[in-house]
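Over in Swiss-Prot, the protein carries these features:
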ACT_SITE  Glu87  active site, proton acceptor
ACT_SITE  Glu160  active site
BINDING   His84, His88, Glu188  Zn(2+) binding site
TRANSIT   1-34  transit peptide
Amino acid sequence: MLRNAAAGARKAVTELSQFPKPGEKLHGFTLVRSKHVPELELTALHLQHDKTGADYLHIARDDSNNVFSIGFKTNPPDDTGIPHILEHTTLCGSEKYPIRDPFFKMLPRTLSNFMNAFTASDHTFYPFATTNAQDFKNLMSVYLDSTLHPLLKKSDFTQEGWRIGPENPLAEDEASKKLVFKGVVYNEMKGQMSDAGYLYYIRFHDHIFPDINNSGGDPQKITDLTYEQLQKFHAEHYHPSNAKVFTYGDMPLIDHLKQVDTQLQAFEKIQGDKQVHEPVTLNGPKEVTLYGPLDPLVDQDRQYKTSVSWIMGDTTDVLESFSLALLSTLLMDGYGSPLYRGLIEAGMGADWSPNAGYDSSAKKGIFSIGLTGVQEGDVPKLKEKVQQILRDARNKGFDKTKIDGSLHQLELSLKHKTANFGFSMLNRLKPKWFNGVDPFDSLAWNDTINGFQAKMAEGNYLEGLIDKYLLNDNTLTFTMAPSTTYGEDLVKEEQERLSTRIQAAIKEAGSEEKARKHFEKQEQELLVEQNKTNTEDLGCLPTVHVKDIPRSKEAVVVRDENANGTKIQWHEAPTNGLTYFRAINTLENLPDELRELVPLFTDSIMRLGTKDLNMEQLEDLIKLKTGGVSVGYHCTPSPTDFHAASEGIIFTGMALDHNVPVMFDIIQKLVLGTDFDSPEAALRIRQLLQASADGVVNDIASTGHRFAMGSAESGLTRSAWLRQQVSGLSQVQLVTSLASRPETDKLEDVISKLKQIQNLALVGGNLRTAITCGSESVAANGASLQNFVGNLSRDPLNLKNPSPRQLPKDSKTFYPLPYQVYYGGLSLPTTSYTSAEGAPLQILSQLLTHKHLHHEIREKGGAYGGGAYSRALDGLFGFYSYRDPNPQNTLSIMRNAGQWAVDKKWSDRDLEEAKISVFQGVDAPKSVNQEGMGRFLSGITEEMKQKKREQFLDVTKDQVREAAQRYLVDGLAKGEGRVAFLGEKQAWVDGEWQIREMDVKGAE
């Protein structure tokens, strides 16, 4: 009865008959058309605003995680980053919310599980997601007013965009008074442009789409942007006539339309910037070579990045675009694909280039095939080799099994119920929508699949696409060569540009002293403006309330079974005919030398193949029969003792219910059957290592603060130390060291250890499993699991108990890396998950982030990001900064934050906001396969979670102060803090710091 009622409710949300008919008016909008898409369980409605012409797409679906986005077409007129700086400054105060930074001030006043803003190459959009109806209205009000009626103050432009000012205006020494370029976006883009992968993609984009300038901004050009240009660009582009609004979920469309119409009615219709830029015309071969940064952790001889690109057809042809994406998968995806085998396996490069594959986000599709880690002598050979592989693939044709495998992956992606389906939908539709592709065509999955299968039935369809687009020389070959002086050249250029600006200011002011006074005065005025953030009245901002948060949450129902010695956690839930499997094999006394190679082991078993099946055959089987299987390293502290840690190997898999036995068979084949003795095993493992090492400096930079935090934490707890060995900077050093071994090295010592891991991965240790599936599949899955475990000859492990390891004692560690900005972390030990003191620490981290650190580290210090965190399970409290130009200042702020929190007179509102922030994460929607996983992975029971929930709701101001005193102030005084920073080594990194060079062992 209840099930039928739920089905009825689901149907009601998407029932076409409840919506207006095309042509009908609705709160200032006219419904243009509607479409029910049963395969996605949704109904799409396209509306247009009568007065302004604003486009509106609503997707009705029985999903409580509702999404909103407003976006604008923002073709950048130059490389000054005007769309990017505007994206930042619109969020610094608006007519209805005239306070500093309402976007960040809203973060602790909302239960949203996602809030952000993004600048794409030719459009800018502002999305959020929440399950709370009042919250949705609140955020929509702030987003609409921020984008359509921003204050755009000059001080916001200088803070977020760029300015010249003293390096540290609060310090008295001469070095701190040195004039430098500053600004949040300026520093962000300096960080981005020192990432060789990002730089390659941006410069490639410059040449394939010469009419689309760099929307993010080139630091060399950002300093040309004026405040007046920013205002003009906003007036012309952030207008309803140039807007696309998107809503998704189960909340009533009528409520959304009323609210949006109220905001749009103030505008008259104008001619929006609807220009859709075409790529370059290629009537023959074109070659471009530019210089980029050298990666000091990779073989100096393999530093080139190069690619060959073709222009495809119009992406409004959704069927052809889908087919080209599938063709790209068949040609490039997986170790058995022809291009992987012919290029990377053949040793021409280490990995795919950042632009590789089919890109359908613009008006015309772009098909690129390229490599990183290429030797200079191989660069001119790439195009001919690619053409040869494409001709061979075209003549051979495509195996139906491989095509069916790709279509099967598509089927599973539709069935898999994710918590962020609406946001994924927005990301899939939005870029094409802004470039003229009808979103209704993009939504018509079944029509596209049926059309594809009809074309395939005619014969030679994919081969015909290769003929049509790829077997010609209308190509762009784009190469980035390494320059040993690239970083120095950037610094020199910046100094010259700064000097020119200062000279111009001196000329205008009449003297050097007057010019300096002008810059110092501007900086002081900005500081005064920034300091208002601590005292201004936020009463105008809407908020949800702690009283609206339920004191208890419906528990996830799981049950335990011990079937013939196999421990199973069952979670029965509606899964759309899918079964999700996890298993953990806990390993006691795992030696360090084996642990650090577990990531290489898990990569190797997805690469080498078995004695009976090569990797291509295994990949085909995985795609055809599962939604993916994986093997990885697992470690967790105990919820009752954060100093204790258990570790092991984790196995995951997903499949349609009837394919579960095959999924188990595949896992067994991969783990136990991988052939480490094959003649090419050493070569394949070397290629895996080289692919991991290639671009590692850029990979670190993309999450540099996480690497810094991980390094700091590794000196505090066993669990954090284990993580550092497997996924931190220690792992990076191991991989780069192994990758740099000479080609003559057969890696016998490494392979011997990988075989030891293979012998204990699945059959040694203590195995426990978890299955999430529909009730109707429990019996069959139980039998399949019994069969799987029964086939494993499980032996007791005989690993020697290692002597207890002392954690590193270095209180300050510095990693010299070639970045223009810094990444840092400071960490302290706290208490276990079940301790009552954990809740005040979590609240404290939110208070410090929103009330202090964001203001000090980002707004005043110029870093792209900074904050505090408390990880209850890990028993750690810490601070971080990201893309930070001012690390000394940041470290001082971190060290003094505890005392600041003790001295601060917290208000009831402060506490309320911090609790709301915590519950964004606590109550964020979960995908069905994540339910019950805290218990399985780490032993956190529903009772523990409920207790923690009540503790969060009941935290007092005194408890927060006590936690700050005990764990931060006293902890630092006792020397319990650990610090790590990454970046360029300068004079301030003195003898107190332990310097950890990241050099490759054995490299010249």
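Cβ atoms are placed via backbone N, Cα and C, with glycine included.
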Same chain only, sequence gap of 6 or more: which residues have a CB within under 8 Å of the CB of Glu87 (active site, proton acceptor)? Ala117, Phe118, Thr119, Thr124, Tyr126
May I ask for the distance between Glu188 (Zn(2+) binding site) and the residue listed as 'active site', taken between their Cα atoms and rounded to an integer number of Å? 10
Which number gives the other C-beta atoms within 10 angstroms of the C-beta of the residue listed as 'active site', all protein chains shown included? 26
Pairwise CA distance, Glu160 (active site) versus His84 (Zn(2+) binding site), rounded so that it is a whole Å: 10
Within 10 Å of each Cβ, count the other Cβ atoms, then let me know which of the binding-site residues His84, His88 comes out lowest. His88
Give me the sequence-ordered set of same-chain residues, not including His84, His88, Glu188, with a C-beta within 8 angstroms of the centroid of the Zn(2+) site's C-beta atoms. Gly81, Ile85, Glu87, Thr119, Glu160, Gly161, Val184, Val185, Met189, Gly216, Gly217
Neighbouring C-beta atoms (10 Å sphere around the C-beta of Glu188 (Zn(2+) binding site)): 25
